[in-house]
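Trainee: First the structure, which I've put down as structure tokens, then a few questions once you've had a look.
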């Protein structure tokens, strides 16, 4: 908020404000949609697979992102109404807690996407050994390690967010992990292409290969949506930390509310991709709604 006020003093760009009703509507929709995904996976035993548990991890990250923006907006409203101050001890602790939730959501999304990418890689190139390599126990261990690391990192980064030594590794982690996942995709598709030519004479294997490649394409869509929704906000953090006095940086920071809305849109889009790309999830959703009726 202070950075947004300062940006108006060093640039002619008008600050873009998203109505509060839009914030709450988008956030509520994102939370409800991802909650439906979690309920569907829990209720359908056919979805008790490592891939769907990794998808649940991504859904939880999306819910945390929507919840973070909702709490932040409520905090700003209470400050404007005079119920809270911006520099009190309680308000500072509350702000640190919300920052920790934001970082947890971002890191959780990145590592969940990485886990899904690794799962797809094993599915495509080690199909016959997949169930021995990626067991449910190993999937739960991976998720436990991911969320323990993300929780610890989010608390540490939130507490020491004013130190450049903390901000720089955090901001470097985002493009580094995205580059790693991108390299994994390129490697995956190149090998899959050559592998598909070798097994073209086997009808069942070809069908299985197409199914696995469909999963890889779904993951590619996830990554593209994630980048479009999160990259503008991460760029805002970088500019606010390293060039807040630059008029061009301040002009970009004037769309802070729009970048925040994009994060919540990611939570809405991801469940739609789940439902559109997974026949099993679509069937589960239909059964859930029919039972509700």
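Along the chain as shown, residues are numbered 1 onward.
Positions of Cβ are set from backbone N, Cα and C atoms, glycine also.
Just so it is clear, the model here is predicted, and its values are computed rather than measured.
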Trainee: According to TrEMBL, which of these ranges is transmembrane segment: 75-101, 102-128?
Mentor: 102-128
Trainee: Who are the chain neighbours of the transmembrane segment (49-68) in space, where the CB to CB distance is under 8 Å and they lie at least 6 residues beyond its ends?
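Mentor: Distant contacts of the transmembrane segment (49-68): 26-28, 30-31, 34-35, 37-38, 41, 98, 101-102, 104-106, 108-109, 112-113, 115-116, 119-120, 123, 134-136, 138-140, 143, 146-147, 215, 222, 263-264, 266-267, 270-271, 274.
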Trainee: Please compute the mean pLDDT of the model over the domain 'G-protein coupled receptors family 1 profile' (33-274).
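Mentor: Across the domain 'G-protein coupled receptors family 1 profile' (33-274), the average pLDDT comes out at 79.
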